[in-house]
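**Student:** There's a structure below that I have some questions on.
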C-alpha cells in the first residue's frame, strides 16, 4: 500500500475541494455575494417617512401594510381609513358627524346644568363653554336649602351645648318628622300637646345644664383647661338613656336625658355598667 501524496492533499484543502476540481467552492461563494449585493441595492431604494416627531390626534391610528409597505391612517370615531396624514391642516378638520355629536353633547351638558337647580340656584349658576356648571351654583343651592329649613314653621326643635376650657360638647335635635301631609292634617290639640311636651323637655334640660355652669376660677385654670371640684360636678361621664336607647357625655351629677328629658340615666362609671 502506497502512502498518500501530502502535497496533493494540501492543495485540495487550499481549494476547499477533495476531488481536485479547484475553485468550485470559490465560485459558489462569489455567486452568493453577488446575489446579496443585488438584494441590498433593491432594498436601499425603499424609504418610509413616519413623521414620528409630531403626535397624532387621540382618535387616529397610524398603520403600516407589511405586504405593500403603504402607510395608512384609521379614524376610530367614524371608522374611516385614509392615506392622507391627519396632522395636515386640511385632513385634520373634524367630520360633520363628529361636529354634530360634540354639539349635541354640549347641549345636553348645558341642559343638565340648568335643570339641576331652580330659583336662586339657577340665577347664581354659570355655565362655561365646555358645559360644566360652576361651583357657585352649589353654594346657592346650599344657601337656599338652609333658608328653607330656617323658615319652615311646621317643625320644632331644640338644642344645647356647653364647653369647658379647651373642651366642648354640643348636641342638637330636630323634632320634625318630614311628612308634609301628616303635619298639615294634624289637629290643634296635638300641636299644643307637642309644644307643651317640648317646652317641658327644654325646661328639664335647662335645669340640668344650669348646674354645669363653669366658674371663672375653673375656666381660667391652666394645664388641661378644666378643673375638677370636690363634688365632681364638672366631670363628663358616659351615660345611657333607657327611653331613647342612646349614649351621651353628660355631667357626672346630671340624671336627665339631654334628648328626651327622661330621668334615670345609666352612668357607666357610677353604676358599674360596661
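Count begins at 1; order follows the chain as displayed.
Every residue, even glycine, has its Cβ placed from backbone N, Cα and C.
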**Student:** Looking at the ranges 35-40, 41-46, 47-52, 53-58, which is given as motif 'EAR' in Swiss-Prot?
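**Tutor:** Per Swiss-Prot, the stretch marked motif 'EAR' is 47-52.
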**Student:** Please give the average pLDDT for the domain 'WW' (54-88) in this predicted model.
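**Tutor:** Averaging the confidence scores along the domain 'WW' (54-88) gives 88.
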**Student:** For the motif 'EAR' (47-52), what does DSSP give as the number of helix, strand and coil residues?
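**Tutor:** Its residues fall into 0 helix, 0 strand, 6 coil.
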